[in-house]
């Protein structure tokens, strides 16, 4: 799989703000879209939606065609700079949009009414849990069918068309049902802006008979699509910074710990600036791996309780003050709520709120503003990092394998480590790859993604497809277990069709290894596939592909 990806020379984001997701501040979205004339092919609902997607930085839309969305797909195809990628099923289309959003800052998928919508729902729920902006577009019923008491196909046999909408209400932050042209412009723009502002998925249903119809509201785009910037409460910001600086400056060995909501807050850069200024030891929670540069001179590893990077937990848990930026403390990240942390020692910084120990809470304070201002008030203190250096012992290397000795996981990941560079990104599947990939040391510029909050097995195949499409200049290295691969394997076909250059390490354990560790039983054993034979079959001589079985 070593060819260029599709034809992406025209697929650059038109917006510098949206196109740099983890840290860019979304304030204005500038489109290079020329005015259109009413009754022209460009003045339709379908083309308006397509233009909006391009304006916010979406150049690839992942789709599965169905009779309710075919006309809409025609109009998406007609938009310059928008590439339609057909997936093998809706679940993978949703996972691909998830992976795309992790790199580009926003992703999109298009499916058909109910049978497609309910199939993609699991992927949308995962994106919701991971705080990813994702535009889920569904081709809906003909606008003339609403209120007629008709029973439509692709439904559960009731004349009520709202079942799909009700399912999406709990896993999206906004739902727009577009079944007339008068308010379509407003509904679409509100949905897209809400997704970007809330960093969550939204649902847009477009009646199947509307995409091709011109309307005056779509006739021109005189003003670029824009978002009002979020602002901190100035007095609250000053008070929070003063309280935090006093708290940290009297500590003997404070530390910094980055969490996954650094991405939502677009505060990665400010967090690193604080680490540079303060001299504190710097760690990350497992779900934030890849958001903080591991080549930073004070980086001490992943803080994950009992399964932390060697010597990291000792430094964090013995600190007399710790600042957590954007944490999520769930049963996974806290190793069953076993972290040895004390609330009275902690400053918890969320995207728009700061909590200091058992004391004051400051609302309407943006994380990036808080971290930037705190860096100006903090005294340098490298004590915790000096303690880490004093106790640190370098990792040993795996014993050299004897000829024909079965391959061990630690040996395999030693080889994967050597492959990593600034031109690669790692996708870690749910399961034992979580733990193995956490041990990888990421070079500068190397991406890293996994789905820790939702933990849906099979996520990585679609996410790899989407991430690779978003950054064709990087080579994706995906570590996937056999059980997870069997859930979503079909879309390796789409990777081949798009000419992607991904490397998949399929770790064949003969079953659900992580479940065996939790609670073993015969249900954890799965049918063994000829995985290389499977990929060769879907390759079928089209595109570039190489497979191998490694035993020793």
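Glycine is no exception: its Cβ is also placed from the backbone N, Cα and C atoms.
Worth saying up front: this structure is predicted, and the values here are computed from it rather than measured.
The Mg(2+) binding site annotation in TrEMBL covers 482, 509, 511. The domain 'Thiamine pyrophosphate enzyme N-terminal TPP-binding' annotation in TrEMBL covers 44-149. Under the heading domain 'Thiamine pyrophosphate enzyme central', TrEMBL lists 241-358. TrEMBL lists 451-514 with the feature domain 'Thiamine pyrophosphate enzyme TPP-binding'.
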Residues in the domain 'Thiamine pyrophosphate enzyme N-terminal TPP-binding' (44-149) grouped by DSSP into helix, strand and remaining coil: 52 helix, 22 strand, 32 coil
Under 8 Å by Cβ from residue 511 (Mg(2+) binding site), same chain, sequence gap 6 or more: 482, 483, 524, 525, 526
Cβ atoms near residue 509 (Mg(2+) binding site) (within 10 Å, other residues, all chains): 16
Other same-chain residues whose Cβ falls within 8 Å of the Cβ centroid of 482, 509, 511, the recorded Mg(2+) site, in sequence order: 481, 483, 507, 508, 510, 512, 513, 526
Tally of DSSP helical, extended and coil residues in the domain 'Thiamine pyrophosphate enzyme central' (241-358): 41 helix, 27 strand, 50 coil
